[in-house]
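The structure appears right after this line, and notes come after that.
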Amino acid sequence: MSSAVDATGNPIPTSAVLTASAKHIGMRCMPENVAFLKCKKNDPNPEKCLDKGRDVTRCVLGLLKDLHQKCQKEMDDYVGCMYYYTNEFDLCRKEQEAFEKVCPLK
């Protein structure tokens, strides 16, 4: 895996990309995720929560694009390590540290 985005600059949300970005997703997309989970809890009909699900997807894809623009090399290195080691955080701490230094959690 050479990049976390395709040729047009759109994020490719693979498991390695999502795992590497999980802390950032949790921070930035919390309101959208909470609204979606509340909707799912209150109404078991999946159709009722599609708009909230789209909000979560939009937030995550926007975040991934922002992260890739801000810290492309570090993100690609971290994602590549996670991909190579099947999402084992312990084996990618060096890449994680470099990624979080350039793209800190806010």
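Glycine too: its Cβ is placed from the backbone N, Cα and C atoms.
The record in Swiss-Prot lists a disulphide bond between CYS92 and one of CYS81, CYS103, namely CYS81. The motif 'Cx9C motif 3' annotation in Swiss-Prot falls on one of the ranges 16-26, 71-81, namely 71-81. CYS49 is paired in Swiss-Prot with CYS39, the candidate among CYS29, CYS39 named as its disulfide partner. Only one of CYS59, CYS103 is recorded by Swiss-Prot as the disulfide partner of CYS29: CYS59. DSSP assigns CYS29 (disulfide bond) to coil in the three-state reduction, outside any helix or strand.
Distance between Cα atoms for CYS39 (disulfide bond) and CYS59 (disulfide bond): 17 Å, as a whole number. Residues belonging to the domain 'CHCH 1' (26-67) score a mean pLDDT of 96 in the model.
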